[in-house]
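J.: Encoded as structure tokens, here's the structure I'll be asking about.
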Amino acid sequence: MSAFTEAVLIQTGINVLLALGYWIAVSTGKYSFGHAAFMAIGAYGSSILTLKMGWPLPLALIAGAVVSAVAGALVGWIALRLSMLYLAIITLVFSELLITLLNQWDYVGGGSGLLGMTGTTVTMVLICVVLVVAYLILLTRSRMGLAYEAIREDERAAMGSGVKITLVAVGAFATSAAVTGIAGGLAAHQQLIINPGLYGPQQSLIIILFCVFGGVQYFWGAAIGAIVLGLLPIYFNGLADWYQIIYGLLFVVLMIVRPQGLIGRSRAGIFPVGLSLRRAAPEPEPRVREEESVG
Amino acid sequence: MAEPLLQATGLSKSFGSVQALEDIDVTLHEGTIHGIVGPNGAGKTTLLSVMSGYLLPNAGTVQLRGRDITGLTPQRRVPLGVVRTFQNIRLFGGLSVLENVMIGQHAHARTGLSSLLPFRTASDRRLLAEAKDTLELFDLARYGKRPVSQLPYGVQKQLEMARAMATRPKVLLLDEPAAGMTTEGRGQLSTRIRRLRDEGVSVVIVEHDMDVIAKVCDEVTVLNFGRRIMHGEPLEVLSSAEVRTAYLGT
């Protein structure tokens, strides 16, 4: 395998992990706008362990994922009980805060970041993808997955069926953060160098677009979105400056022609950003709203 | 008389300057059906929301067999046996009838990480069979895998009740179950509610249809502008002058 092919495979695998990780949160109807923060936690966490403590990469990756999951649980616990708009703001602010913190933290090189991480192999990435896919297959067939869907469909009805919505959603968010953290760690140990600037809103947006492009109804839709979108810049780099314009146009066309993404049945309510925002935004917090005021 | 199953005492709730409930007492005895009637805006749904945990009252308590449950969320009341339906149906629209009912079983099933294991335990199989029985009972099995948002209104109402029953309630709080139903549908509904009572489920029913109220209720509480204006047996209540005035105006 040429070094180029190898790099492309690793990059694609990491993109797939990012999309699948994000999909776990999305399957409960929760859209984070700062998921790159969990990549950063996984990347910095594992890099510190391999560079400064001499840990083997697989162990460092797992540790990074655990830290990322804890951070995800904390952010989720604060944000997930609020409406979608607040979740978007809190996740975005969290990622910005983290970047600021990393920029100021000399131990991890501040703004210039860390240098010299290596060790990510195609096999390692492949194992991670297989494990996550296996988890998702089991998840989507389980009652836990059903509870995720219940929360996505109607939180109030889910509460009324005995689903502990905050606990379940926080669990999903933490799992999502863990997978994203692993992807971040793998990426860091492929690209040799990391710095806080890599994990800004731009990167968070890329992860969201993987999912939206592929479709959020099935997890493999998100994976396909990541593969297609991830390969575009590699094989169309001849387009140079035109690339961004075409990228943007692609999404405009997609939103019009297939709002549900590449994969998935067309159905009202499945399209994430537009409809969910409209549905969630005007509702105040759950325990004080009721239809009685009009009826 | 025996200890009441569900007792609401001195409930008050206001939304801004609107007093939706004012010092309301409602007592549900085991094995009975308790109707809540009153004109629009009387506070019926608010009362149901307070009893099911969707709203916190400003004052007063809700007790289940003597245990104070006023501060518990709906998801904590469901395992104790208190469940509600909604006036404007709230189903999981993209899921099938079976999946909707299975979510109703959430509190009784394995739903943590262990539910991911790729095999079914005896209790999983029993719950699945139970869910299918519930579908049969409510005549819903034939709707298969279609997303339930595509099903007719009457069927969705049935399904909401089926999902509520899947939680194995002791107290079923129904919010206008007959609204939008045909005459035939209302007849079936009355029969069904009485049958549920005979099987040991106690029911609080908010309803505008006086036929249904008269047919099924053992006791009726009348609300008007957030106050309880009368309480008693259905015929006595429905024929009282005060209640007629509240409904028809003076």
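Placement of Cβ uses the backbone N, Cα and C atoms for every residue, glycine included.
Caution: TrEMBL annotation is automatic and unverified by curators.
Marked as transmembrane segment by TrEMBL: A:7-25, A:58-78, A:84-102, A:114-138, A:165-186, A:207-236, A:242-257.
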J.: What stretch, picked from A:84-102, A:114-138, A:165-186, A:207-236, A:242-257, has the most CB pairs under 8 A with the transmembrane segment (A:7-25)?
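T.: Per the Cβ count, the answer is A:207-236.
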J.: Which of A:84-102, A:114-138, A:207-236, A:242-257 has the most Cβ pairs closer than 8 Å to the transmembrane segment (A:165-186)?
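T.: The listed stretch sharing the most Cβ pairs with the transmembrane segment (A:165-186) is A:114-138.
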J.: Counting only CB pairs under 8 A, let me know which of A:84-102, A:207-236, A:242-257 has the most with the transmembrane segment (A:114-138).
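T.: Answer, by Cβ pair count: A:207-236.
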J.: Which bits of the chain, at least 6 residues beyond where the transmembrane segment (A:207-236) starts or stops, bring a Cβ under 8 A of a Cβ in it?
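T.: Tertiary neighbours of the transmembrane segment (A:207-236) are 8, 11-12, 15-16, 18-20, 22-23, 26-27, 31, 33, 35-36, 133, 136, 140, 180, 243, 246-247, 251, 254, 258, 260-265, 267, 270, 272-273.
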J.: Residues sitting near the transmembrane segment (A:242-257): Cβ under 8 Å, six or more positions beyond its termini, same chain?
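T.: Result: 209, 212-213, 232-233, 236.
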J.: Checking distant contacts: for the transmembrane segment (A:84-102), what same-chain residues at least six beyond its ends satisfy Cβ-Cβ under 8 A?
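T.: Sequence-remote neighbours of the transmembrane segment (A:84-102) are 29-37, 40-41, 44, 75, 78, 108, 110, 113, 196-197, 199-201, 204, 276-277, 280-281.
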